[in-house]
Structures are given as C-alpha cells and as structure tokens.
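So that you can see what the record holds, here are the features copied from TrEMBL:
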TRANSMEM  C:6-29  transmembrane segment
DOMAIN    C:14-87  domain 'Glycine transporter'
TRANSMEM  C:36-52  transmembrane segment
TRANSMEM  C:72-90  transmembrane segment
TRANSMEM  C:102-121  transmembrane segment
DOMAIN    C:102-175  domain 'Glycine transporter'
TRANSMEM  C:127-147  transmembrane segment
TRANSMEM  C:159-178  transmembrane segment
Amino acid sequence: MPHQDLIVSWLHTIVEATANVAFALSGLLAGVRKRLDMVGLCVVMGLAAFGGGTLRDVLLDRRPFFWVDHPAWLWVLIAAGVGAIFVLRSSHFEFTERAIQWPDALGLGLFAASGTQLALAQDMPSIVAVLMGVVSATFGGILRDVVCNDIPTALRDRRPYAVCAFVGGWVYVLAMQLAWTQGAAFLLAAGTATGLRAWALLSGYSLPGGQTAASGD
Amino acid sequence: MPHQDLIVSWLHTIVEATANVAFALSGLLAGVRKRLDMVGLCVVMGLAAFGGGTLRDVLLDRRPFFWVDHPAWLWVLIAAGVGAIFVLRSSHFEFTERAIQWPDALGLGLFAASGTQLALAQDMPSIVAVLMGVVSATFGGILRDVVCNDIPTALRDRRPYAVCAFVGGWVYVLAMQLAWTQGAAFLLAAGTATGLRAWALLSGYSLPGGQTAASGD
Amino acid sequence: MPHQDLIVSWLHTIVEATANVAFALSGLLAGVRKRLDMVGLCVVMGLAAFGGGTLRDVLLDRRPFFWVDHPAWLWVLIAAGVGAIFVLRSSHFEFTERAIQWPDALGLGLFAASGTQLALAQDMPSIVAVLMGVVSATFGGILRDVVCNDIPTALRDRRPYAVCAFVGGWVYVLAMQLAWTQGAAFLLAAGTATGLRAWALLSGYSLPGGQTAASGD
C-alpha cells in the first residue's frame, strides 16, 4: 500500500470510530429526552450511528453492512444504552451536546466522502453518487428523529449540514475527474465537508429561509 | 416497435413527467407547511416523488432505480426546493393544491399499472403484484407524511386513493389473463385507476367509515 | 423428515398463524384508535404483521418474503381491515387487547428464533444473528407505531419485549454451538423467549428506568 494511502487508512479508522461514537451519542441524547427505556436507547443509538450507511448500502445493493463486518460496535452500543440508564445525569446534557458537535462534523465529512466513493465505484451518475454521500451522512439523524416522533432537525433548522456533505461530495467527483488518487480525493472531500460544517458552527450561519412562505401556513 | 406500443411509450413519458411534478409539488407544499428549510423541502419532494417507486424496487430487488436512470430529475427537485424558498408565496397554496389533484390522479394510474406490470414480470402472485402497484402509487405520500410527522393522509381521509390503485391493478391482471397486449392492458388499467380517482374527486365520495369504532378511543 | 422435525414443522405452522393474527390485531387496534380509514387499517395491520420479517429479509437480502410465499395472508388482512369498519365496537377493545397478549408472546418467541436461525444460515456473526431475531420480533410493532405517529411502545414502556427476543436468540446460538439439532434449538429458543415474556406479563416486571436522566429534559 503506498505511504499516502496507509495514512489515509489509519486516519480513516480513527475518524470512523470517533464519528460513530458522536453519531451514537446524538441518538442517546435524543432517546433520553424522549424518556425511552434501555431498549429504546439502544435502537435509537443504532439508527443514528448506522442508519445512514445501512440505507445507502440497501439502495446500492451492497453487502456486508458496516455493523456485520464490525459486530463489536453492536456490543458498544448495547453497553452504552444499558449503562446510560444508570450513569447519565441531566447535568451531563449540555456539555455532551456541545462536545459531540466536533466529532459529528468529522463524521459528516467521512460519510459524505465514503458514500460518494462507494457509489462512484458502482458507476453511478455523479449527482446520484453525491446524494449517496448525503444519505450516508444525514439519514441516520433523520431516522433517529422520525422514531423519536420529531420532524428531523436536519430538515428544518437551516444550519448547513446536508449542504456541507453535498459540497464535499462534489469535491470528490471533481478531484476524481482531475485524475487525483482516491486517497487524496477522499481527504480533500472529507476535509471540505468537515471544514464547512466547522465554519458554519463557529459563524452561526443560517441558510436563507422561507419566512414568507412559512407564514402561509 | 408496433404502432400502439409507440403511442403508449410516448404517452408514458409525458404522463410520467406530469406525475413526478405533481407528486413532488405535494411534497413541496407539505414541507413548506411544516416550515422546513431548503434541505427539508428537497428531501420531502424526493420522498413524495420517488419514495413509492423506490420502495417497490427494493422489495422486488430491482435495479436501477428510476432516479438513477434519470438523474436529471434530481436536479429538477433540487432547483425546485431551493427556488421555492425565494418564490413561493402563501397566496399560491390553495391554487397549487387544487391544480395538482389532476396530474396527481394521472400519476396514481401510471404507478398502479406500472407497479403491477413490473411485479407480474417477476412472476409474483396476482395479489402481490396489485399491492406493488398500490405501494408505488401511495408510499411516496406516506413517507412524505411520516417525515413531516403527520399520520399519513392516504391512511385516514377516507377519500379513495389506494383503492383506485387497487382496482386498476386488478384490471391489469385481468386484461393480461384475457391475453391482451401489455400496452392495451396498461392503458386500460391506468385509465381505470385515474378515472376512478377523478370520479371520487368530482363526486366527493367517501369510503364507509368506522364512526362507532372510532368513538371507542 | 425425522419425527422431531415433523412436529416442529407442524407446530411452526400453527404458531405462525396464531402469531400473525395477534400481530395484525395489534395493528388493527392501533389503527382504529387513530381513526384510520379502511386503507389505513389494512396498511397498519400489514406493517405490524409482516414489517419485522420483511425488514429482516431486506437486510439479509433474502427473497421471497413471507407474504409472497403465502399471499393468502394478504387477503386475510384486507378482509379484516375492511370488515373491522363494520363490526368493530369500542366494547371489544379491552378484551381484545388482553386476549392478544398471549398469542403475541408466541409470535415473539417464534420470530426471535426464526430470525436468528435465518441469519446464522448466512454465516452472520452471533450478535448480528441475534439482533436479526430481535428485528423480526419487534420492528413490525415499531413501524406500526411510527406510521401511527407515536413513539414506539417497544422503545419506551420498560416492559421486557425486545429483551426476551434477545435472550431467546442467544439460547439458539448457544444450543447450536452445543451441536443440538436445529429443531431442538428452535424449540428451546422460542420457548425461552415466549416464557420470559409470559413471566414478565404475569409479574408486571419493569426494566430498570432512567428516572433521573429522564427528568433532565
């Protein structure tokens, strides 16, 4: 394996673990807010962490799923869901919510790049490949919110999230058309999506809204 | 291609485009009502337009999906979702809602017939084939409403919608058993479903309800 | 077929029919509570009865689905959904709800054991196989509640349900590793899950809750 790809592979493992934990924690917080029991916490954590990638794989007809290849993660989720019942205190909430924003942004970049890459490897059209990246990055959160009986945050809060994944996906497509290596394209795409999200978090930027339209309800 | 099939194919393309636009607009209206942002509008339009057909294809294990074969539609949805933020006014709502009822009825007939046809081509039992037509025609709207955190309209408003698709599907099955050509069966089935829906819209017919049962809540 | 397997197969058919009816009735009650129309009742009954097994089969990439192999069940559901509009009275509710608890517990055991068995037959890791059993047993009810716009009961009521399926699945895995026959492992696993559920129903046992955590909302 070339040196650059080795670094990418190593970084990938670290970032993937960080992102899975961040996504799962977002599910845990949502579940506790809705007073779910330990089964509910495990299910919502699993949907938040693996729902997006699994939906992408079902659409692309890919097997095995991530959690079949790495079943140890399922034990981590179960332990976290059961443990949370005993150790989670309300005083942990605000801190946890702010702390997971950054690993969550890493996950956004990682899933956007890897979803696009996997779809391009199946010769999907560029726009479909980019949307597979967006699905990987966002549908875990969407499924989490649907099961918790909320309108999904990602669809209404006007904070750029799916949009960052969308831009990152196009960076990957462009870099591949410029004949970059997969590793370099992956790093640039993931970095762009994560960087955009970090900038949005720091600046408090909101997407243009449909105020007038919304008042037509 | 025989003359009749050519007409069918040409009609099919026109009706399909009309139906996709009507289904997507129903998603747009639902999303604006729920004050979704531009990402939310695109997702809900996509679910409303392609959710039913995609679910049918996942169940039948068919690939490629419609939106992979015709990726230009994805650009149309994105443009509509983003543009709606800037141009949609509340005064457009009532008119749009009434205007899309008729292309929506065309889509109902088209999806009912094509879903039944695709499932029969895989040697599914008749009742399963008919239900695949119903799934194609109705689950886009059901997914749209679930993501918008409503009980799906199609499941509670007692206006015949799924029922029209069901009847249209059986017309297709019957016509094929009478050895009609696929094109003729398709036209008759789609026409029956669309006609029934148009009649229901014009007459205001409601399915028999469970008033007594409902009062047991 | 050896004698023991013949008994298992015969029991399986009986228990399966009983369980499907119980699962479908749970959907019927939920749908009537939400004042769904006859289409809605049929859809929610179908999701409750077949949603879990179908999701498992989509994840495991198995075909044909149960309801494709046994399409007569679809007619039963449609007849029940349409008939319920005319015959169901509120006075039937409490009795039905209590009466279906026991066949529902049979279904829990059956689906837990068969989901685990089907996944192990595809060489899935043990934890994945057990979770496929849990998905089979619980996701029908979860989909039913999501479509009815409720937070799923199975995720919040602290009554052991998914947990019983989880234990039953591990009993199957263990029995297979001890080189039991499939039939014996199936009987013991399904019996364990059903027995645990029956005990939970009789004793009123609740899983430990996150009272403190929940008050942090």
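Keep in mind that glycine also has a Cβ here, set from the backbone N, Cα and C atoms.
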Apart from its near flanks, which chain residues at least 6 from the ends of the transmembrane segment (C:72-90) lie with a Cβ under 8 angstroms of it?
20, 24, 28, 31-32, 37-39, 41-42, 45-46, 49-50, 66
May I ask for the residues of the chain that lie six or more residues beyond the transmembrane segment (C:159-178) and have a Cβ under 8 Å from a Cβ within it?
108-109, 111-113, 115-117, 120, 126, 129-131, 133-134, 136-138, 184-186, 188-190, 192-194, 196-197, 200-201, 205-207
Take the domain 'Glycine transporter' (C:102-175) and average the pLDDT across it for me.
96
Of the residues in the domain 'Glycine transporter' (C:102-175), how many are helix, strand and coil by DSSP?
58 helix, 0 strand, 16 coil
Outside the transmembrane segment (C:6-29), six or more residues from its ends: residues with CB under 8 Å to it:
41, 44-50, 73, 76-77, 80-81, 84, 88, 93, 96-97, 100, 102-104, 106-111, 140-141, 144, 183, 186-187, 190
Please list the DSSP helix, strand and coil residue counts for the domain 'Glycine transporter' (C:14-87).
63 helix, 0 strand, 11 coil
